[in-house]
Amino acid sequence: MESGFNGSRPHRVKKDLPDRVNPVNTQGSSGTTGNAFRKNNNNKTQNWKPRSGPGNRNEGDQTKNNKSDLQQPSEVHPENQVRPESSTGESVKQQSEPHRVLEDKKQSGKTAGSSVRIPEEGGGGLGSANYLGKRQLDFVAKLCVESGFKSTGKPLKRYPAEFFKSSGLLEKFVKYLSSRLDKGCNLSQRESEVVLKNLRSKRAEQSFLAGAVTGVPGSGKTTLLRKVQCEGGFNSIVILGNPRSKTEFSNLPSCYTAKEILLLGIAIKCEVLLIDEYTLLTSGEILLLQKITNSRIVILFGDRAQGSSNTLCSPEWLQVPVIFQSLTSRRFGKATANLCRRQGFDFEGGEHEDKVVESPYEGSSPATDINIVFSESTREDLLECGIESTLVSDVQGKEYNTVTLFIPDEDREYLTNAHLRSVAFSRHKFALEIRCNPELFMQLINGELASKQQPQTDRYGPE
């Protein structure tokens, strides 16, 4: 900004932004452990038959992860940008549409590409009241392109400070949580009371920019998030939507589960909030996380195919724009990609060969790294035969070399849930064995199990 008198800069306005922080190279560690595919009685034969009767079966805990509910929020109008003032006391003329995310001419062709659009700066240095976060978004865009994600050309969306309340989500979230104090909702009664207290607290509200980085399973979302957090050099916090991933992120700085922040009894602040597996959270939880951290930028990482818009609690009703996406998986190969496409998922597999095989539900098969099931009742059946297994909802975001999926006829209804199908069919790198009866398998590979879920967008969450 130049003075209108002699070309010298006003003494109160800095000419340059602060220098970028040099990236720090770090490596994340990951590993898988296989569950023993053995019976606890060596005298028993491998050919077994689970107890029958649908009356003994429960639906399990799967439905708890189908986050979706609430009416579509009204259109969000951008706030007025803070205008930096000149040394003469006159306000600098405000640019038209200050909230727009524009193309960065300096970065075009070098890092983020010509289609990447980042916010214009409102003046001031990093940490000042006028700083909108150009450096952070510049760096995130650069890493996204380097990691194989493609820009959608959409800008980040600005949400006004009062959006949580004005959208109606705050009222519905409080009402829903209050009505379930004695029913769970992934929180104990004491935890629910703490969350309600945080919702009603008089915290300073902050407008924020939000965008989503989405990708199919195995596209590198987690690796990208690690790089952003470790090499960015800015004040950021990572939130894990899946708490079971905490051990895998133990070496990542400023990384917490969503519940740890939702129950936090002190005030914290960060510039950038990075949320992993955001489809496992509700819209109200995401907005409360932003409120607690007072963050200016919120970036969601996840797979939209693993979400749902069936109820208002779904993050989809926040209408966060997808700014980068990837449809190519480095995890599984062509056979799995073909199976997923028949299920309605727009997946592209890697170049390596993998396999999807079918085996009878009753009988024996080679051991794999992990056995997964849809319902708690099926897990208990297998455990009686000495076979350990894990719920599909608990392995979202995880990866294994080989996987066995058990599907008894009683669990057929779970296959109509697109979210659960997407997770179950995409955890392996080299081999997926599906244990079910032949008729069900043919319906599965032919994509004949269409979703039967009915919209309930008049409700915040499941009853």
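Here the Cβ of each residue, glycine as well, is placed from N, Cα and C on the backbone.
Here Swiss-Prot flags GLY215, VAL216, PRO217, GLY218, SER219, GLY220, LYS221, THR222 as ATP binding site. The DSSP secondary structure for LYS221 (ATP binding site) is helix. Around LYS221 (ATP binding site), the same-chain residues at least 6 positions away in sequence with a Cβ under 8 Å from its Cβ are VAL213, THR214, GLY215, ASP276, PHE301, GLY302, ASP303, SER326.
Look at Swiss-Prot and you will find 185-326 tagged as domain '(+)RNA virus helicase ATP-binding'.
Look at Swiss-Prot and you will find 327-463 tagged as domain '(+)RNA virus helicase C-terminal'. Across the residues of the domain '(+)RNA virus helicase C-terminal' (327-463), the predicted structure has a mean pLDDT of 87.
Residues or ranges marked as region 'Disordered' in Swiss-Prot: 1-126.
Annotation source Swiss-Prot lists region 'Nucleolar localization signal' at 11-16 (among others).
What Swiss-Prot records for 37-52 (among others) is region 'Nucleolar localization signal'.
Per DSSP, the secondary structure of the domain '(+)RNA virus helicase ATP-binding' (185-326) breaks down as 56 helix, 32 strand, 54 coil. Comparing the binding-site residues GLY215, PRO217, GLY218, GLY220 on other C-beta atoms within 10 angstroms of each C-beta gives the minimum for GLY220. Taking every protein chain shown into account, SER219, THR222 are the binding-site residues, and of these the Cβ with the most other Cβ atoms within 10 Å belongs to SER219.
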